[in-house]
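Below is one structure, written out as structure tokens; comments come after it.
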Amino acid sequence: MASPPRYSPTAPDRECKLPSPSAPAGEYRPGKLSWGTLARALGSFRLPIQHTRLLATLDPLALDREPPPQLSPEKQQVPEKLTWGDQEPLSKIPFKILSGHEHAVSTCHFCVDDTKLLSGSHDCTVKLWDAVDGSVVRDFEHRPKAPVVECSITADSSWKVRYDTFIVSCKFSPDGKYVVSGFDVDHGICIMDAENITTVSVIKDHHTRSITSCCFDPDSQRVASVSLDRCIKIWDVTSQATLLTITKAHSNAISNCCFTFSGHFLCTSSWDKNLKIWNVHTGEFRNRGACVTLMQGHEGSVSSCHFARDSSFLISGGFDRTVAIWDVAEGYQKLSLKGHNDWVMDVAISNNKKWILSASKDRTMRLWNIEEIDQIPLVIKYKKAMGLKVKQEKKEAYLKLKQG
């Protein structure tokens, strides 16, 4: 096993304390961070990097345009009023626009029982938002010194680890015991004990090209990683061995991955415009790589994916500026949410399945209310179309069987 990258846990950070939301501006009063811990990827680089050029090599569309015009301070702090989105002629989804970041919003999460939202940005900030009124509750200090590409939350305590390489992905395990980081230059992953700040495993050259995303399964025992090399790997934390390897899983770079809450399936999104759902528990998967492919949803590369807690539906964000909602059982797109002015970089679903959160390169997040999605005329229209298609396919299959 390769030697671990150098890191230095900062002792004071173990007792990192934050001011209460009611503390006067500029006053720093210790108060325990009881709701969660922040893993701030890219906040501790030793290598200099210009945030406006972050991940330039990972631009699947090679769009060399400047960032959107700078928003005025008033527009940065005040979210737009709740309004009805008109994504399609027959689609009406309520949404809120959350403005406050000065650069691309790269990562987003629901937290604190869906009452708060967490975001990270290329402007080197991590913010906590109120999910009800869309206001910024806290701008976390001390700020990272480089663009934030991903953040994750878990139970109490706070600490910092410094690496000698670029971190492109970080995730806490569901039980809060571990944190996994994905590396760019080393093509590997590092698994750490979150409580003792010790290295559990370091797998250099785990992939042949830069890792794009990694995540734990619901049991916190396996780590899935995906890469620009189009390969999927699943690492076992206990045995410290690679359990599964799927080569050429997509026809282009794989951008993201996520497990279902049962841990039986893994979804991967790719620059080939597709998403694939892989069964990671059957022998058929090991032998043939059997999967379900979700197509005809995005017109461009797919950047992110996320399962609902009960796996009834899946959402994905794309470089075509849309958020797609997929019916997992039937394998078709229920609805496409439009409104962002640039790439959708990350997506999240609330635990109660009523809300979708999307983060975009246009410097905003959108909070979509999908509670009554099945009553939307466009969704009903899609369902009817799918039903007719299934009936036609069954009829054709029956005729072929009868003829032959």
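From the backbone N, Cα and C atoms, a Cβ is placed for every residue, glycine too.
Annotated region 'Disordered' per TrEMBL: 1-30, 64-83, in sequence order. If you look up TrEMBL, you'll see 98-139, 204-245, 247-288, 295-336, 337-378 marked as repeat 'WD'.
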Within-chain partners of the repeat 'WD' (337-378) [C-beta distance under 8 Å, separation at least 6 from its ends]:
67-68, 71, 85, 87-99, 101-110, 113-114, 117, 119, 121, 129, 131, 134, 303-310, 312-313, 315-319, 321-325
For the repeat 'WD' (247-288), could you work out the same-chain residues 6 or more beyond its ends whose Cβ comes under 8 Å from its Cβ atoms?
58, 60, 212-219, 222, 224-232, 234, 294-295, 297-307, 309-311, 314, 316, 318, 326, 328
Mind tallying the repeat 'WD' (98-139) by DSSP state, helix then strand then coil?
0 helix, 24 strand, 18 coil
What mean pLDDT does the predicted model reach across the repeat 'WD' (295-336)?
91
Quick one: DSSP breakdown of the repeat 'WD' (247-288) into helix, strand and coil?
6 helix, 17 strand, 19 coil
Summarise the repeat 'WD' (204-245) as counts of helix, strand and coil residues per DSSP.
0 helix, 22 strand, 20 coil
Please list the DSSP helix, strand and coil residue counts for the repeat 'WD' (295-336).
0 helix, 23 strand, 19 coil
